[in-house]
Amino acid sequence: MSKTGTINANEITIIQKKNLYLLLTVVVIVGLIMLAGYITEYSHIEGIMSIPAAMSWMASNMWFSQSTLSNLGSVLRLLWETILISIVSTTTAAVFAVVFALFGSKLTYINKPLMYAAKIIASISRNIPVVAWALILVISFGTNSMTGFLALFFGSFGFLVRAFLETIDEGSEDSVEALRATGATYWHTIFKAVLPASMPQMFSWILFMIETNIRSATLVGLLTGTGIGYLFDLYYKQLDYEMVSLITLAIVLAVLVIEAISNIIRREIL
């Protein structure tokens, strides 16, 4: 057999293996879905069949009248409060995350125990969902804005530490080594090499986290009795679907506007 024929045979074998792995993956996923449906007694077919009825109900009930618009002021006020809490909690978390990322990075760590401690604290914060943080904190602080702020803070902190760690490790190595070769001090290296090289990507992560927190803040508000989430929960329990639709539309529009602004800023800084 010629060399070309051997190569083609090997390529066919590789393609066959990839197709087999893909088929096995699909079979496993379908099997897990069916097993989950059996355990939970959920019928996927009935769920799919109920979609037209659900869409019809939404089309009939999720509308708001002119009288409902009289409450738009209170909706916008609480929505603005939610946005501000999201921004403040994210930016505050970002400040702490930068410090922990510097202590935890393999390029900028001070000593090994502090590096591992920073990573462990960030990992714990990251792996507890923001909803769980809200439930934990509401016991201590009650239903107020501080609880929502802290829940979003801890949820943001762990994620940002990890994102900043990767940013520092990937983008600052050459400049750090160059400065260290000239005898630069630790803090001189941080402020002249690490932060200038990492800041654009860090700002991008902060903007992404603000977008995420505005969405999460609605759910946190349901648990902490604050912001737009509280208002949504109030009218939902009263079965006032006109107000629910108005609040939902306001949230969606706010998220879209903020995402558009965020994308514009990202294009400018990256």
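If you go along the chain as it appears here, the first residue is 1 and each next one adds 1.
Placement of Cβ uses the backbone N, Cα and C atoms for every residue, glycine included.
Feature annotation from TrEMBL assigns transmembrane segment to 20-39 (among others).
The feature transmembrane segment is assigned by TrEMBL to 76-104 (among others).
Annotated domain 'ABC transmembrane type-1' per TrEMBL: 79-262, in sequence order.
Residues or ranges marked as transmembrane segment in TrEMBL: 116-139 (among others).
Annotation source TrEMBL lists transmembrane segment at 146-165 (among others). Sequence-remote contacts of a segment are chain residues at least 6 beyond its ends whose Cβ falls under 8 Å from one of its Cβ atoms, and for the transmembrane segment (146-165) they are 85-86, 88-90, 92-94, 96-98, 100-101, 104-105, 118-119, 122-130, 133-134, 137-138, 198, 202, 205-206, 209, 213, 216-217, 220-221, 224, 226-227.
Residues of the same chain lying 6 or more positions beyond the ends of the transmembrane segment (185-207) and with a Cβ under 8 Å from any Cβ of it are 90-91, 94, 98, 102, 107-108, 110, 160, 163-164, 167-168, 171-172, 175-176, 178-179, 262, 265-266, 269-270. The feature transmembrane segment is assigned by TrEMBL to 185-207 (among others).
If you look up TrEMBL, you'll see 214-232 (among others) marked as transmembrane segment.
If you look up TrEMBL, you'll see 244-265 (among others) marked as transmembrane segment. Packing against the transmembrane segment (244-265) from elsewhere in the chain are residues 61-64, 68-69, 71-72, 75-76, 79, 83, 203, 207-208, 210-211, 214-215, 218, 228, 231-232, 235-236: each is 6 or more residues past its ends and has a CB under 8 Å from a CB in it.
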Same-chain residues at least 6 beyond the ends of the transmembrane segment (76-104) whose Cβ lies under 8 Å from its Cβ atoms: 110, 114-115, 117-119, 121-122, 145, 148-150, 152-154, 156-157, 160-161, 163-165, 167-168, 190, 194-195, 202, 206, 209-210, 213-214, 216-218, 221, 226-231, 250-251, 254, 258
